[in-house]
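One structure is given below, encoded as structure tokens.
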């Protein structure tokens, strides 16, 4: 296996989540139900309306008059939704980088369409977390994180994986909130890099200011 990169080794990842009830996990996972290789999240499909939708109900309950949520409102929305299940609610910092991941117009806020995309990703990441947490500890360790990242289609070197574990673990264990923060940052930075990797060969050139804009926001 070649390191590093995100080239042809990603597989065909697809998952259908829109329309699920709040807090409901993604259907059975495994080798046949995987995630999009580049982004590490399901391909989003806007196939359902807001009418009678519990996702929209929770979003609209905290959204401002502009129809968007900031990080604090997103945190409240996700906590009220119960999407974390038995895990601790998402921290404010994790909610900040969730918004940054999908903040394509740089407003520092998230509209409903972006929220639906986030909702799909969170359900998939949660199911992935539960799948690799084989001992049911509520945390993932180094070898379990390696499996989770592999299921998401990323090809990372052992050195990079070790760096990620050191950054997001507490005593060698990664809790769900930190795991999601890792997934968000991995997706966002990969998307940022991939847009500049014009030949899709795992290398890119960009200026310093562009680098700072892309990385400091996450």
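Including glycine, each Cβ sits where the backbone N, Cα and C put it.
Here Swiss-Prot flags 103, 105, 107, 109 as Ca(2+) 1 binding site, drawing on a curator's inference. Swiss-Prot lists 133, 135, 137, 139, 144 with the feature Ca(2+) 2 binding site. Marked as domain 'EF-hand 1' by Swiss-Prot: 49-84. Taken from Swiss-Prot, the feature domain 'EF-hand 2' applies to 85-119, supported by a curator's inference. If you look up Swiss-Prot, you'll see 120-155 marked as domain 'EF-hand 3'. Feature annotation from Swiss-Prot assigns domain 'EF-hand 4' to 156-191; the stated evidence is a curator's inference.
Recorded features from Swiss-Prot, shown on the structure.
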{"residue": "103", "record": "Ca(2+) 1 binding site", "Cβ within 10 Å": "19"}
{"residue": "105", "record": "Ca(2+) 1 binding site", "Cβ within 10 Å": "9"}
{"residue": "107", "record": "Ca(2+) 1 binding site", "Cβ within 10 Å": "12"}
{"residue": "109", "record": "Ca(2+) 1 binding site", "Cβ within 10 Å": "19"}
{"residue": "133", "record": "Ca(2+) 2 binding site", "Cβ within 10 Å": "18"}
{"residue": "135", "record": "Ca(2+) 2 binding site", "Cβ within 10 Å": "9"}
{"residue": "137", "record": "Ca(2+) 2 binding site", "Cβ within 10 Å": "11"}
{"residue": "139", "record": "Ca(2+) 2 binding site", "Cβ within 10 Å": "21"}
{"residue": "144", "record": "Ca(2+) 2 binding site", "Cβ within 10 Å": "20"}
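Using the Cβ center of 133, 135, 137, 139, 144 for Ca(2+) 2, the list of other same-chain residues with Cβ within 8 Å runs, in sequence order, 132, 134, 136, 138, 140, 141, 173. Other than 103, 105, 107, 109, the residues of this chain whose Cβ falls within 8 Å of the Cβ centroid of the Ca(2+) 1 site are, in sequence order, 68, 99, 104, 106, 108, 110, 111. Here the domain 'EF-hand 4' (156-191) has long-range neighbours at 3-4, 6, 38-41, 84, 87-91, 93-94, 97-98, 100-101, 121-122, 125-126, 129, 137-142, 145-146, 148-149, 214-215, 218, meaning same-chain residues at least 6 beyond its ends whose C-beta is under 8 angstroms from one of its own. Here residue 144 (Ca(2+) 2 binding site) is positioned 35 angstrom away from residue 105 (Ca(2+) 1 binding site), judged by their C-alpha atoms.
According to DSSP, residue 103 (Ca(2+) 1 binding site) is assigned to coil rather than to any helix or strand. For residue 144 (Ca(2+) 2 binding site), the nearest of the binding-site residues by C-alpha distance turns out to be 103; the candidates were 103, 107, 109. Residue 144 (Ca(2+) 2 binding site) falls within a helical segment according to DSSP.
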